[in-house]
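Novice: Provided herewith is a single structure, encoded as structure tokens, for subsequent inquiry.
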Amino acid sequence: MAHNTATMGNLPSGIGICTTIPDILYVPELIFGGLVWILVACTLVIPPNPQAWVMFVSVFCFTVTFIWVVVFACGVHQNKGRWAAADFIYHGIAAFFYLSASVALAGVTLEITDRNSRNYKLDVSAVVFSYVATLLYFFHTILSALRWKSF
């Protein structure tokens, strides 16, 4: 148990972000966030307001997560605890944003009357991927909190 705690108290650099928990979740977060972004961009739903929020969340989280990956890969964090705290805070905010966007997108999707339309099918896919992204960010938040507490 002590060995796991010791490794949890380190922030990875370089290729280590692809092999350590919770950092291994960056890749699926980028994939599912990108899919939400693409699917929402392909649809036309009335009213557009919830779609704008979903688009903002997916683009914002995709961009910041990509920057976060680059920061960690380059080792800018220098294994300092405040970076672990920032990782926890960012992923908590991202999980909350994605949850709110997922609920809004699901609500708008349920209001579509033509269930055989291309837009409906794209929106259903976007809702599913949005909830998957929410779960990924939520799990990353929990694991980042555990890592932060081990510093």
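Cβ from N, Cα, C; glycine included.
All TrEMBL annotations are machine predictions without curation.
What TrEMBL records for this protein is below:
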- 17-149: domain 'MARVEL' (DOMAIN)
- 24-46: transmembrane segment (TRANSMEM)
- 52-76: transmembrane segment (TRANSMEM)
- 88-108: transmembrane segment (TRANSMEM)
- 128-146: transmembrane segment (TRANSMEM)
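Situate these features within the shown structure.
Specialist: The predicted model assigns the domain 'MARVEL' (17-149) a mean pLDDT of 89.
Beyond its flanks by at least six residues, the transmembrane segment (24-46) meets 17-18, 54-55, 58-59, 61-62, 65-66, 68-69, 72, 105, 108-109, 112, 119, 122-123, 125-126, 129-130, 132-133, 136-137, 139-140, 143 of its own chain at Cβ-Cβ distances under 8 Å.
Here the transmembrane segment (52-76) has Cβ contacts under 8 Å with residues 11-15, 17, 23, 26, 29-30, 33-34, 36-37, 40-41, 87, 90, 94, 97-98, 100-102, 104-105, 126, 130, 133, 137 of the same chain, all six or more residues outside its ends.
Remote same-chain partners of the transmembrane segment (128-146), defined as residues 6 or more beyond its termini with a Cβ less than 8 Å from a stretch Cβ, comprise 8, 21-22, 25, 28-29, 32-33, 35-36, 39, 54, 58, 61, 84, 87-88, 91-92, 94-95, 98-99, 101-102, 105.
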Novice: May I have the DSSP-based helix, strand and coil counts for the residues of the domain 'MARVEL' (17-149)?
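Specialist: DSSP composition of the domain 'MARVEL' (17-149): 109 helix, 0 strand, 24 coil.
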